[in-house]
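> Dumping what TrEMBL says about this protein:
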BINDING   Met45, Gly194  substrate binding site
BINDING   Lys121, Thr167  ATP binding site
Amino acid sequence: MDAKICAALLSRLRETRPLVHHITNTVTINDCANITICAGAAPVMAEAAEESAEMVAAAGALVLNIGTLNPAQVESMLLAGKRANELGVPVVLDPVGAGATALRTEAVLRILREVKVAVLKGNAGEIGVLAGMGGKVRGVDSCGLAGDPVETAKACALATGTVVAMTDETDVVTDGNRVVLVGNGHVMMDRLSGTGCMASSVVGSFVAVADDPLVGAAAALVAFGRAGEHAAACARGPYSFRTALFDELYRLTPEDLEEEARLEVV
Ligand SMILES: Nc1ncnc2c1ncn2[C@@H]1O[C@H](COP(=O)(O)OP(=O)(O)OP(=O)(O)O)[C@@H](O)[C@H]1O
Ligand SMILES: Cc1ncsc1CCO
Ligand SMILES: [Mg+2]
């Protein structure tokens, strides 16, 4: 895993433009659609139980995000997720707000039991809760971890059988054995609602073209983080940053990633 691989995956993503099927929240659904396009993929949002399994057959990845979950939506997620597993379509799960309410925590645990999830992408608090290692979540925000971030992410990966992508100032991507730390990103990304959801869409886009979900997830967070760094350089505040974040991901080249990726394999 190195900068060259990130660059090669971005090239492959732009050449193949995979469909990324989302079942996601109503707060950031439009941001997720557009950040997927800026990454180089094509989004579709389809959540009715009558079509969610059918739609996934055309997709390169499925992104499940429980940000504004309700029981019917969770059933659609399970139908789509099981069909994705049958077809070999990788599933990305964003456990938004897990730990904040029992409904959220239980929905995530049920999806993890019934669907083989390739990448579990959450903030530090959410991953800490799912690892059973003392994360704290208020609303959809991380209130931090009790222990070491790398050990927490590894424990979560081993407990859930997924690649965990835990976002923070330094992102930790791990399958429980291999660990990649991603340094790209900017604190402005934490001044805007939905950058975590968008990160999941970008992870879905990269995982659709990657042979290894760990490599795909790490490359996605490098690319999204690097776009955030470029965007912060010209932003006046959160909303001009938001516009710039889309533009800078769209403008990001494989050469940028080769030169500017900050990742460490530990
Ligand atoms: N302090 C920071 N410095 C650099 N990058 C950051 C920082 N905080 C977050 N990021 C980046 O922002 C993106 C979103 O991560 P974050 O952990 O804030 O998600 P989240 O809290 O789940 O987001 P949301 O609930 O608003 O959708 C990731 O790509 C992460 O790397
Ligand atoms: C603010 C918010 N509430 C539910 S989902 C969401 C978007 C960021 O996670
Ligand atoms: Mg945040």
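From the backbone N, Cα and C atoms, a Cβ is placed for every residue, glycine too.
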> Any idea what DSSP makes of Gly194 (substrate binding site), helix, strand or coil?
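Going by the DSSP assignment, Gly194 (substrate binding site) belongs to neither helix nor strand, so it counts as coil.
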> Restricting to the same chain and to sequence separations of six or more, state which residues have a Cβ under 8 Å from that of Lys121 (ATP binding site).
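The list for Lys121 (ATP binding site) reads Val92, Leu93, Asp94, Val164, Ala165, Thr167, Gly196, Ala199, Ser200, Val203, Ala217, given in order along the sequence.
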> What does DSSP call Lys121 (ATP binding site) in the simple three-state scheme?
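The three-state answer is strand.
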> Among Met45, Thr167, Gly194, which binding-site residues lie by ligand 2, judged by Cβ under 6 Å to any atom?
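What lies within reach of ligand 2, judged by Cβ under 6 Å, is Gly194.
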> When you measure from the Cβ of Gly194 (substrate binding site), how many other Cβ atoms are you left with inside 10 Å?
21
> Count the Cβ atoms, other than its own, that fall within 10 Å of the Cβ of Thr167 (ATP binding site), considering every protein chain shown.
27
> Under 8 Å Cβ to Cβ from Met45 (substrate binding site), same chain, six or more residues apart: give me those in sequence order, or none if nothing qualifies.
His21, His22, Ile23, Thr24, Ile29, Cys32, Ala33
